[in-house]
Structure formats: C-alpha cells, structure tokens
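Copied over from TrEMBL:
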{"type": "ACT_SITE", "residues": "Glu180", "note": "active site, proton donor"}
{"type": "ACT_SITE", "residues": "Asp313", "note": "active site"}
{"type": "ACT_SITE", "residues": "Glu422", "note": "active site, proton donor"}
{"type": "ACT_SITE", "residues": "Glu447", "note": "active site"}
{"type": "BINDING", "residues": "Thr533", "note": "Ca(2+) binding site"}
{"type": "COILED", "residues": "14-45", "note": "coiled coil"}
{"type": "DISULFID", "residues": "Cys376-Cys408", "note": "disulfide bond"}
Amino acid sequence: FHSSPALQSAADPAAALEDNLARIRENHERALREAKETLQKLPEEIQRDILLEKEKVAQDQLRDKAVFRRLPPVDFVPPIGAVGREPADAAIREKRAKIKEMMKHAWNNYKRYAWGLNELKPISKEGHSSSLFGSIKGATIVDALDTLFIMEMKDEFEEAKSWVEENLDFNVNAEVSVFEVNIRFVGGLLSAYYLSGEEIFRKKAVELGVKLLPAFHTPSGIPWALLNIKSGIGRNWPWASGGSSILAEFGTLHLEFLHLSHLSGNPIFAEKVMNIRTVLNNLEKPQGLYPNYLNPSSGQWGQYHVSVGGLGDSFYEYLLKAWLMSDKTDLEAKKMYFDAVQAIETHLIRKSSTGLTYIAEWKGGLLEHKMGHLTCFAGGMFALGADDAPAGLTQHYLQLGAEIARTCYESYNRTYMKLGPEAFRFDGGVEAIATRQNEKYYILRPEVVETYMYMWRLTHDPKYRKWAWEAVEALENHCRVNGGYSGLRDVYQRHESYDDVQQSFFLAETLKYLYLIFSDDDLLPLEHWVFNTEAHLLPILSTNKKEVEVNEK
C-alpha cells in the first residue's frame, strides 16, 4: 500500500519522476520570471505602484465603512435547543456535570490570572498572547461565550458580555491572521448573538468583518493570510510556497461571511467568499485534488501538496457545511464536496497492514504515510455528509467515519498519557504512533472528540461515549494543573512536561464537544445548527427566513 496510484499507473517510475522534475523546473522558472519582472521596474515605478495601491486600499476602506454606519433592524429568531434538559441517566448526568466543572476550572483560572488577555499560562499563572491575534485581546473570552451559554453558566456569560461591550477593541495597529480572527472572533461573536440575541455581539461581529475586507484586495480576490487591520495592508506567510495563500485559510471564511451578509443586510461579505469559489472552480485540479497553496496574484496553484490535515482540512469541512447551512440549497457546494471526497478516497485514503484506515498526505503524486491530529476531524465530516451522499454510498461514508474514529482512538490509546500526538505515522513497521520528537506533543486539541461527538450523534454506538470519557480522564490526569489546563510536550513519557498554554480552543471546542457527547441530542440539534471550525454555532439559513431588509439607500 505504500506506492501511490499516480506511480502505479505510469508504465515506468522513472518517467513519472521525470514528469515531477519537469514540473518543479517549470515552477522554478516561473518564480524566476516573476522575480525578474519585478526587478526590471525602475525604483520610481515601484514607488508609484505602492502609492497607487495605498490610495486604492484607502478608498476601498472608506467605501466599505460608509455602508456600516447603521446596522439595519433584524428580527431575532429565538434559538432552537440552545439549552437542553438534564440527561435521564444518572451516570451520564454525573459525567456531564464533571465536564462543566472542567469548564469552570479553565474559566476561573483564566479570569484570575489572565483576564482580558488572549490566553492563560496555567503554570506561570499569567497571560499568554499569540501573535496570531496581533494586539486584539480577549480571545479566550470570545471563544468561550457560546460554551458558557450552553452550559448555562449565566454569571460567567454576563461578565464575558460586559467585557466585550467595554473592552473588545479592533482598532489596533498590528498584523493579524485573517483565518484565526475569523474563526475565533467573528465566529464566537456570531454564535453568541444567535444564542442570546444580544445586539452588541452582532454589532462587534460586523465591525470586525468590515475590518477584514481589505484582505481581499488582491488581483484574484483570494485574500491575504495576514492583514494589518489599521493600514489595510496584507501579505502572506513568508514560509508559504511562492507567496501563496493557504487553502484551509481562504477556504474557511465562507460560513461566517454568509452570516455577516445576513446580519448586516450587505451582500459584500457573501460576494467576497463566492468569488473565492469561482476562482477555485475555474482552476484545473490535479487528479481532482485541491493543492494547499494558491497564489493570490496570479490566481494559480503553488506547490502540488494536498492534505486533509493542516493547510487543507477546514476547506473541505466548509464545503459540506455550506451545503447544510444553506438548508441544502447550495448545490454547487454539495457537488464540490462530494467530488473532492471522491478524489481524496482514491488518492489519499489507505489501510495499514493491520487494517487501520488512515488519510495520508499527497506531495506531487507521492504519498507521505503520516496523519495529523488535525486530520482526525474528518471522521465526523464523512459521517455528517453521509446522508446526502450519491446513491448507495450513505453506509459507506458512515463506515469510513467510524474507521477514521477508530484509527484516531488508537493514536490516543497507544500513548502513555492516553492523549494523541500531533501527528502519527504508518511506515517502517509503526502504526498510529508518532516517531518524531517534534510530533509527540498534545496541545488540548479537539479534533478527535469532535469526531466522537458526530459519531455518537449519528450512530449512538456506546463506544464513542466510552472513548470520550477516557479522554476526559486523561485530561484530568495529565493536563489539569492548579492554574488551569496545560498542553503536553510528549504524550509517550511517564512524566508530564507542560507547554504552559491553555489554548482558547480548549474552552471553545474540546470541552463543548465533550459536553455534547454526554448531553441529549436536543441540545444543539444538528438539523438546526452548523458548527464552524472553532465549534461556534451558526444557525441554518433556512430559505423561508425573512432576510434582513437591504437598505437601498
């Protein structure tokens, strides 16, 4: 199973290698050409280009802002299943109460030692600020809002809301990750609005959305990864292939931006993300696969790397969820999703010698037999999409979801700490085990319990509750410290080496998914809600809902 179909199909591997080298040479020459063209410009030409670009950005920003002086009135639709009932079974009730107590421990320590900062350092007992958010503050507060709400932690929700009202400030002169700010801040604010109906959350979500619009000012409309929200100047990660934007970053704006248009009455947000889809649809896909890199200037693919883990993951998730969130009217999203999944099955999904199904990484036709913790979300995705699969494939996708869940469970079970590593491999006789030191860490990630949650909801097989409870016990045994919860540097060691960060997504996602596994299905029913990739709740935009009146003026 180690050789890839691309090579098997070539009559002789040497020819395939030659093709590969030719493609690398061609990419290399194109990069040189682009660099030359830039260098051939006179300094004053470059100066003029910069000034023109600045002028254009400034004008665009003025135009964008003018639209949002006043938000149109909107009918708040009370949420369905925003609070559930107590589970009837006493043992399940007790487990659920334990997970709520974990949330209290995480929240109270954040409040005590890091209030108003982005994240908590639970060992040092101080604040932690990731560069992803520039100098925007309060990531843990915004990320935790909806979890506090559904756990009925009313006092905590109120104090969080007050902080948002008084202190959440986006007028910062700093570079932010467009993707991270969208999924955590825009997503968190939208979710809090749809659960509580509090106008401040709608106002802040739209205000932040407007600040992100300049990221789309590129020749292709594919947004930059990084944006200075004061100057409106964007750029890409310096490490990304040939100045490319990242598939999982520009592909994970769709759900939030549709809701921003819905709540602001302004179509601009939806237009920006629909244009991304147009660009993708007009590109040739190698073997039907979507490479992780796309150059925003040329509108062409960068390196041919494909992954359902980091750099690719949530793009596929958002295709499926765009279809579900549209009340199953967005047929284009449905087609894109199932076409992509078919290509992934053909080229990336493999079975190990002992029968574990895993998703490898594809690099220009060659497979790397490694699966990341991030990739473990895909079990839940396959199962969630199973209902709408092409004829006769529903059982197949549920089964595939179950197999991925099992493999990811094994990645946890084969460690000393019973928590999974960042990445695990299937080569050189190892299966579902991390072989490199820099892949042995666990940073409180949610993807495995996320898959357990979907598998539980869709099958009610008790093993998913059993596996989820094992994860709870492991978190309590190894990650819980006096000052909160910390990530671990090596899950295979007997002694904890803490990374000293309580990630905001631990409160947004990990604890929320665990809580839902031990709740009845009427808490956030899947037919009414879609989770964004940070587990923030977005209601299905049903076709008969009264749309926000667009203010023609």
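Cβ atoms here come from the backbone N, Cα and C positions, even for glycine.
On a predicted model such as this, the values are computed, not experimentally measured, just so you know.
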With every protein chain in view, how many other Cβ atoms are within 10 Å of the Cβ of Glu422 (active site, proton donor)?
20
So how many other Cβ atoms are close to Glu447 (active site), meaning within 10 Å of its Cβ?
24
So of Glu180, Asp313, which of the active-site residues has the fewest other Cβ atoms within 10 Å around its own Cβ?
Glu180
Residues with Cβ closer than 8 Å to the Cβ of Cys408 (disulfide bond), same chain and 6+ apart in sequence?
His373, Cys376, Gly379, Gly420, Glu447, Val448, Thr451
Tell me which residues of the chain lie with their Cβ under 8 angstroms from that of Thr533 (Ca(2+) binding site), as long as they are six or more apart in sequence?
Ile183, Gly187, Thr252, Asp313, Ser314, Glu317, Tyr318
At the Cα level, what's the spacing in Å between Glu180 (active site, proton donor) and Glu422 (active site, proton donor), rounded?
19
Just to confirm my parser: what is the rounded mean pLDDT across the coiled coil (14-45)?
71
Cys376 (disulfide bond) CB neighbourhood, other CB atoms within 10 A:
30
